[in-house]
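Student: Got a structure for you, questions after.
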Ligand SMILES: *[C@@H]1O[C@H](CO)[C@@H](O)[C@H](O)[C@H]1NC(C)=O
C-alpha cells in the first residue's frame, strides 16, 4: 500500500514537471517565431497553440494595408523605419492567411520550405509594387519570406496554392480582384485630409463585397484613428464570404483618417 502510494506520488510529480517543461518550450517557440515584421501585429498576435496542419483551416483572409497608416504607425512607435517606395501609390498586400473560424487559432509553418526568390523572379515587379517591404531596416526579402513560410506553406493543401510561385501569383491576383482602393472608391471613399466616419468605411466595404468584410483601425499618437488595413474573407475556392470576426475593427462612431500618400 505504501509503495503504491509512493509510486503514484512520483508519477504525479513527473507529470507536473513534464507539463511545465512543455509550456516553457511552447512559449519559447512562439516567441522565437513571432514576426519581426511589426505591422503583422495588427492582426496576427495570437499564440498559435502549435497548429501546423495544412488541412486544419477554414478560409483565407486576404489582408491589404494602407501603406501610409502602416508606415506612420511604425515610425511613431519606432519599431521600424518605414519608407513608402516611390512606385507605391495604392493599397498593398500584407498577406493571404489560411485561417480558422476560431479567432487567433490559425495554422502556421505547415512545411519546412524556405522562401526562394528565384522561384518568383517573374513576379518580382508586381511584388515590389503590390507587396512591398517598407521597412528600410530589414532585408528586402524578409517580408515575403515571413509571409510565405508562416502562412503560405499552410495553403498548399488547396489547388492554385501548391507551390511558392502559385501562392504569390494567386495572392497577387486576388489583391487585384479585390483591390480595397477600388472598392472604397466605388462608394466615393477616396483619400482626403478630413476624416471619415467609421460607419462610412464599414458600409462601403460591406456594400461592395455583398458580404461582411473587416476594416481595421489603429490609433496613432497626434493623428487619431487611421484606416490601417482591410480584410476580405475568401473560401478555399476563392469566393467572398462573411468574415467570422474582425480584429481592430473600426467603430462606426469613430472619426477615421484615410489620408493621401504624398509622393
Ligand atoms: C518615417 O520616417 C522616415 C525616416 O525619418 C521618413 O523618411 C519617412 O518619410 C517616414 N514615413 C512616414 C509615412 O511618415
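In case you wondered, yes, glycine gets a Cβ from its N, Cα and C as well.
Quick paste of what TrEMBL says about this protein:
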- 1-19: signal peptide (SIGNAL)
- 25-39: compositional bias 'Basic residues' (COMPBIAS)
- 25-48: region 'Disordered' (REGION)
- 94: active site (ACT_SITE)
- 147: active site (ACT_SITE)
- 151: active site (ACT_SITE)
Student: Give me the Cα-Cα distance between residue 151 (active site) and residue 94 (active site), rounded to a whole Å.
Tutor: 11
Student: For residue 94 (active site), what is the secondary structure state per DSSP, taken as helix, strand or coil?
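Tutor: In three-state terms, residue 94 (active site) counts as strand.
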Student: So for residue 94 (active site), how many other CB atoms are inside 10 Å of its CB?
Tutor: 26
Student: In DSSP terms, helix, strand or coil for residue 147 (active site)?
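Tutor: In the DSSP reduction, residue 147 (active site) maps to helix.
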Student: What's the CA to CA span in angstrom from residue 147 (active site) over to residue 94 (active site)?
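Tutor: One finds 8 Å between the Cα atoms of these residues.
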